[in-house]
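Take a look at the following structure, please.
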């Protein structure tokens, strides 16, 4: 049953994440073919009980964020502070003019948050005022002194691992953050600790072991392997396209502008290589063909750049929780010569799709002067795509 409380979410994404390596903020690294922050935001942006999502960013990351979150609706990002605590306060202040009843505060570095966990967070905050998701500690914990010697063994039955989203009545947590700022306290590692400091009782609710925080390079390696293992529904598709030559001074081939003594006769830019790849991906999805998604009778696609079509097809895979594993396209033509352009074309396809260039093949052949390609009347292209989708015991993607 939908909640009657107005709920907003703050996505804390201003940190640098240097321990994760890779030379940039970890929230913009990809995992399973998608950025960490995109995965973290999706469940909140699509949750029926969350009316607003407030990102908090380092302003230097704005262009990366805009690209990663392009498919979502969210409030204008707030600028983060020098600490996580300062960043959360910035997000709370950004929401204050249209204050929600409940606010969920979530770390962007936890990309596997689920709608069910969000619902539990809202319910818990509604009942308790302040609540955190928690999971039981299964290992024995040792407390050590300055030398590293064990001096205590806490009772693990009384210990919990706190996660996010942490959920609060909005006014309560905003007041707590403002008080901490006034008193110069900026050392709280999560919002529950700050709430405890001002005297609030913080409840716990069932967390999710999969809702882990990505911190180290090893975390990324482990989660990549876990995601890959879950994508057991391996599918292939094929595509074919052909366009005749017409007037012009260049051809678009696999996203590359190739000078030539003619152009293509086509409704869009006529890129036979990308069109064949689009059909291959859609075929693997059993999701129609390029003509059903971009009908030539629709004037909005007149002269359209075909990279839009290919990006759309890849996004269809991503929307179903999958990834593109391999792409191959073969150009059939006498001219132009594809060999000198091969790596440029592979790089362009990689840029459009987000697929590693090592998983993209561009090949070429001729028809030995036979048929319309042999007479240099046009170009044909064939393509294949391999995709991986989530599998369940009924053989359907989830």
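Glycine is treated like the rest: Cβ placed from N, Cα and C.
Note that the structure is predicted; figures quoted are calculated from it, not measured.
As annotated in Swiss-Prot:
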REGION    1-234  region '2-C-methyl-D-erythritol 4-phosphate cytidylyltransferase'
SITE      19  site 'Transition state stabilizer'
SITE      26  site 'Transition state stabilizer'
SITE      156  site 'Positions MEP for the nucleophilic attack'
SITE      213  site 'Positions MEP for the nucleophilic attack'
REGION    235-398  region '2-C-methyl-D-erythritol 2,4-cyclodiphosphate synthase'
BINDING   241, 242, 243, 267, 268, 289, 290, 291, 365, 366, 367, 368, 372, 375  4-CDP-2-C-methyl-D-erythritol 2-phosphate binding site
BINDING   241, 243, 275  divalent metal cation binding site
SITE      267  site 'Transition state stabilizer'
SITE      366  site 'Transition state stabilizer'
Taking only the recorded positions 26, 156, 213, 268, which one has a CA atom nearest to the CA atom of residue 366 (site 'Transition state stabilizer')?
268
List, in sequence order, the same-chain residues at least six positions removed whose CB sits under 8 Å from that of residue 243 (4-CDP-2-C-methyl-D-erythritol 2-phosphate binding site)?
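Set apart from residue 243 (4-CDP-2-C-methyl-D-erythritol 2-phosphate binding site) by at least 6 residues yet with Cβ under 8 Å, we have 264, 265, 266, 270, 272, 378, 379.
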Could you state the CA-to-CA distance between residue 241 (4-CDP-2-C-methyl-D-erythritol 2-phosphate binding site) and residue 213 (site 'Positions MEP for the nucleophilic attack') to the nearest Å?
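Approximately 45 Å lies between the Cα of residue 241 (4-CDP-2-C-methyl-D-erythritol 2-phosphate binding site) and that of residue 213 (site 'Positions MEP for the nucleophilic attack').
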Among the binding-site residues 241, 290, 367, which residue has the largest number of other Cβ atoms within 10 Å of its own Cβ?
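Output for this query is 290.
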Counting Cβ neighbours within 10 Å across all chains shown, tell me which of the recorded positions 156, 213, 275 comes out on top.
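Buried the deepest by this measure is 275.
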Determine, to the nearest whole angstrom, how far the Cα atom of residue 267 (site 'Transition state stabilizer') is from the Cα atom of residue 275 (divalent metal cation binding site).
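Here the two Cα atoms lie 12 Å apart.
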Helix, strand or coil: which one is residue 372 (4-CDP-2-C-methyl-D-erythritol 2-phosphate binding site) in, per DSSP?
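DSSP assigns residue 372 (4-CDP-2-C-methyl-D-erythritol 2-phosphate binding site) to helix.
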Within 10 Å of residue 290 (4-CDP-2-C-methyl-D-erythritol 2-phosphate binding site) (Cα-Cα), which of the recorded positions 26, 156, 213, 275?
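275, listed in sequence order.
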Can you tell me how far the Cα of residue 268 (4-CDP-2-C-methyl-D-erythritol 2-phosphate binding site) sits from the Cα of residue 156 (site 'Positions MEP for the nucleophilic attack'), in Å?
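Distance (Cα to Cα, whole Å): 64 Å.
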When the number of other CB atoms within 10 A of each residue's CB is tallied over all shown chains, which of the recorded positions 268, 365, 366 has the maximum?
268
If you count Cβ atoms within 10 Å of each one, which of the recorded sites 26, 267 comes out on top?
26
Long-range same-chain neighbours of residue 372 (4-CDP-2-C-methyl-D-erythritol 2-phosphate binding site), Cβ under 8 Å, sequence gap at least 6?
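Set apart from residue 372 (4-CDP-2-C-methyl-D-erythritol 2-phosphate binding site) by at least 6 residues yet with Cβ under 8 Å, we have 242, 244, 378.
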Which of the recorded positions listed here (26, 156, 213, 275) have a Cα atom within 10 Å of the Cα of residue 365 (4-CDP-2-C-methyl-D-erythritol 2-phosphate binding site)?
none
CA-CA, which of the recorded positions 156, 213, 275 lies nearest residue 26 (site 'Transition state stabilizer')?
213
Sorry to bug you, but what's the C-alpha spacing from residue 275 (divalent metal cation binding site) to residue 367 (4-CDP-2-C-methyl-D-erythritol 2-phosphate binding site), rounded to the closest Å?
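Distance (Cα to Cα, whole Å): 20 Å.
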